[in-house]
């Protein structure tokens, strides 16, 4: 599966939105990849996560004990990717604003791969790495369906992307005038 295949799946689900969006990262963009519209279709989600699992198998040489997803956005892709890898799926969730592995215990040194939906700044993955290291895990890599940075983001561990698709985004004090004229919509899941 290549980048165009991923974009075609998003198009098939009418999941590429145009307008003025405030992303989960806080950055502004004229394009929003509404993965919820993809994830509501099991057959499309299965295709993406099978492709991601295949890339993980090719990229990670060590045995993986768990796939871990950051709630909320990483829950569905981490679960479906773990199904294709044949290993358990866990998740971290926010407690007082910080990710914690609160519903599970893992053995010290457990080898994990983080799976996220879409990466823009990489903050959720970096926070997930921190939570997992605190819990005693060995984070081998992270993976995402779509890297909006076009491969430029640093998440602190190797990042395996099913697709790299650079989409312009702007700090709140650098939004172009034509974008600022449109009403901003915040469809993301941070602070839910």
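Cβ atoms here come from the backbone N, Cα and C positions, even for glycine.
So that you can see what the record holds, here are the features copied from Swiss-Prot:
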type	residues	note
BINDING	116, 117, 118, 119, 120, 121, 122, 123, 124	5-phospho-alpha-D-ribose 1-diphosphate binding site
BINDING	120, 148	orotate binding site
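Taking the centroid of the Cβ atoms of 116, 117, 118, 119, 120, 121, 122, 123, 124 as the 5-phospho-alpha-D-ribose 1-diphosphate site, the other same-chain residues with Cβ within 8 Å of it are 24, 25, 73, 125, 144, 148, 153, 155. Taking each of the binding-site residues 116, 118, 120, 122, 124 in turn and counting other Cβ atoms within 10 Å of its Cβ gives the largest count for 124. Cα separation, residue 116 (5-phospho-alpha-D-ribose 1-diphosphate binding site) to residue 148 (orotate binding site), rounded: 12 Å. The DSSP secondary structure for residue 148 (orotate binding site) is coil. For residue 148 (orotate binding site), the number of other Cβ atoms no farther than 10 Å from its own Cβ, over all displayed protein chains, is 25. Of the recorded residues, residue 148 (orotate binding site) and residue 120 (5-phospho-alpha-D-ribose 1-diphosphate binding site) place their C-alpha atoms 5 Å from one another.
In three-state terms derived from DSSP, residue 124 (5-phospho-alpha-D-ribose 1-diphosphate binding site) belongs to a helical segment. In the three-state DSSP scheme, residue 116 (5-phospho-alpha-D-ribose 1-diphosphate binding site) falls into the strand class.
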